[in-house]
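These notes are about the structure you will find just below.
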Amino acid sequence: MSFIPVAEDSDFPIQNLPYGVFSTQSNPKPRIGVAIGDQILDLSVIKHLFTGPALSKHQHVFDETTLNNFMGLGQAAWKEARASLQNLLSASQARLRDDKELRQRAFTSQASATMHLPATIGDYTDFYSSRQHATNVGIMFRGKENALLPNWLHLPVGYHGRASSIVVSGTPIRRPMGQMRPDNSKPPVYGACRLLDMELEMAFFVGPGNRFGEPIPISKAHEHIFGMVLMNDWSARDIQQWEYVPLGPFLGKSFGTTISPWVVPMDALMPFVVPNPKQDPKPLPYLCHSQPYTFDINLSVSLKGEGMSQAATICRSNFKHMYWTMLQQLTHHSVNGCNLRPGDLLASGTISGSDPESFGSMLELSWKGTKAIDVEQGQTRTFLLDGDEVIITGHCQGDGYRVGFGQCAGKVLPALSPA
């Protein structure tokens, strides 16, 4: 138990301690903090208290404006930092609890803070690792007989996304302009996206990277995974459908991707690990691992339109529905010698379960626009309207506590008028 009061339904008990980057009106410099209850512990203020063998010579990483250098230190430093923080925040430890002057400088209320991206994201890769999602999309566009493409059960399919347009929760998303072909009997047209979608995803940050030309074996992959965030991979379905053959997504995805600001460390998630999904056919040896690395993370998506008094839940899903694990994704990404770097972001792909209410995109929930999605208060949707706010939340439920991620939220702004 922490000396900082933590409500039972708080996302941020002492069992969590996620890392983020924040600033305040009184101190506009972005700095690294840890969430505890409704407070933020400023690590730049208490960096001198990290005196263990892994961090004593690297206290300066907590003076940085991003988490990249801390991520790059590796598991020994992460575990030491977590143990030190849990000790310092414990109700039984006087070092921070009883130092009123230090406490006053070290703690900031989350309500008064502005959150920033937790890392400088050099590269961003989006996978497509939910079997149910891939099957649903395949049925819609190719039919049941060809729902899964031949490679899907043999490797974690992915594509390189756009790192520059990843934004932190709360940043509005502008409806994109682009080229589309709504009528196949007519030439393509240019205009505002008409089929704007959200995608329920999660993503993990890479810790230490690998040398150029040297793959990461799957037995070591866990050493390179720092922690996880929620993600909304906004998608312009009409732009995407017209452009994606033969090279895959481009402008239909690159206009904006939202992530939650708090990075939940993998050690906080390990109590919620569950068995990996059965994979048939068995993957090639470089992708095989017996270590459980699938997690029971409850996820939900809510939508709040203009004129709605409260948000309506449109999806409830769970990260455990993923077919390919993060270890497999990271190993496959590096198997050709591709070098990953601290702060790189690797996303899960849309997370869908077998229950229609667990489908993680409006494309699936509306079944390609043929079914209305009830958002309560007399409103329905097939795709997103201007003014709609999408709010993703997620948590692991413990015994009397929860390890949560906060919110991943964004509001749709109208498209800019064509030039």
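Including glycine, each Cβ sits where the backbone N, Cα and C put it.
Checking the candidates Ser84, Ser112, Ser235, Ser300 against Swiss-Prot, the annotation phosphoserine falls on Ser84. Swiss-Prot names Glu199, Glu201, Asp233 as Ca(2+) ligands; from the candidate set Asp99, Asp123, Asp126, the record adds Asp126 to that same site. Note: Tyr128 (substrate binding site) has non-local neighbours Ala134, Trp152, Pro156, Val157, Gly158, Tyr159, Gly349, Thr350, i.e. same-chain residues 6+ apart with C-beta under 8 A of its own C-beta. Around the Cβ of Ser84 (phosphoserine), a 10 Å sphere holds 17 further Cβ atoms from the protein chains shown. The Cβ of Thr257 (Mg(2+) binding site) lies under 8 Å from the Cβ of Tyr124, Gly161, Arg162, Ser165, Ile166, Val167, Met231, Asn232, Asp233, Trp234, Ala347, each of these being in the same chain and 6 or more residues away along the sequence. Counted within 10 Å of its Cβ, the other Cβ atoms near Arg142 (substrate binding site) come to 12, all protein chains included. For Glu201 (Ca(2+) binding site), other Cβ atoms within 10 Å of its Cβ number 29. Ser309 (phosphoserine) sits 38 Å from Tyr244 (substrate binding site), taking the CA atoms of both as reference points.
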